[in-house]
């Protein structure tokens, strides 16, 4: 069973002006697509691996043969991370979470604004390429970041919100202004989906 590039749940220009059409098009059809292509090449002929979901694959890298483990870690992580990322964005996004997720964010971080500050710091402080994450770890919310395309799933954590801070995610529009990109991100967060993922993970 080959891994496939998922369709976006919105048009490439739907997130403008916060994330521009050209960036979304290249990010999805080139970068994400390359991860899918290279993941399929890596697991080709290995039925046991190819039958796993990409999430199962990156959650158990120890079961991947050593000669392809790095390729699966990088490209499987890239596929899993982006597959999730697209669902966390929405042209109708922004605002604040509500319900149980909002209560837990306030409990753990002090307030929604303090959460945003800590998440933004994790995103801005990630040296080079990587991701910032809000994860559920043993039932508790925490902020973390990963290098390259490493997935929190590989650490036994469940990501419910992620921000891609590779330069390809923002450079066409924001150049070296990563903090501006991070600020714009809050305008397109799909909090309904984040809340759904939280309820499943806790």
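The backbone N, Cα and C atoms fix where each Cβ goes, glycine too.
Positions annotated as Mn(2+) binding site by Swiss-Prot: 27, 82, 164, 168. In the three-state DSSP scheme, residue 27 (Mn(2+) binding site) is classed as helix.
Residue environment of residue 34 (phosphothreonine) contains 14 other Cβ atoms, counted within 10 Å of its Cβ in all protein chains. Classification of residue 34 (phosphothreonine) by DSSP places it within a helix. Swiss-Prot lists 34 (among others) with the feature phosphothreonine.
The phosphothreonine feature in Swiss-Prot is assigned to 70 (among others); the stated evidence is experimental evidence. Under the DSSP three-state reduction, residue 70 (phosphothreonine) is assigned to helix.
Under the DSSP three-state reduction, residue 82 (Mn(2+) binding site) is assigned to helix. Shown are the binding-site residues 27, 82, 168; of these, the residue with the fewest other Cβ atoms within 10 Å is 168.
Geometry remark: residue 70 (phosphothreonine) versus residue 34 (phosphothreonine), CA distance 15 Å.
Taking CA atoms as the reference points, residue 27 (Mn(2+) binding site) and residue 34 (phosphothreonine) are 10 Å apart.
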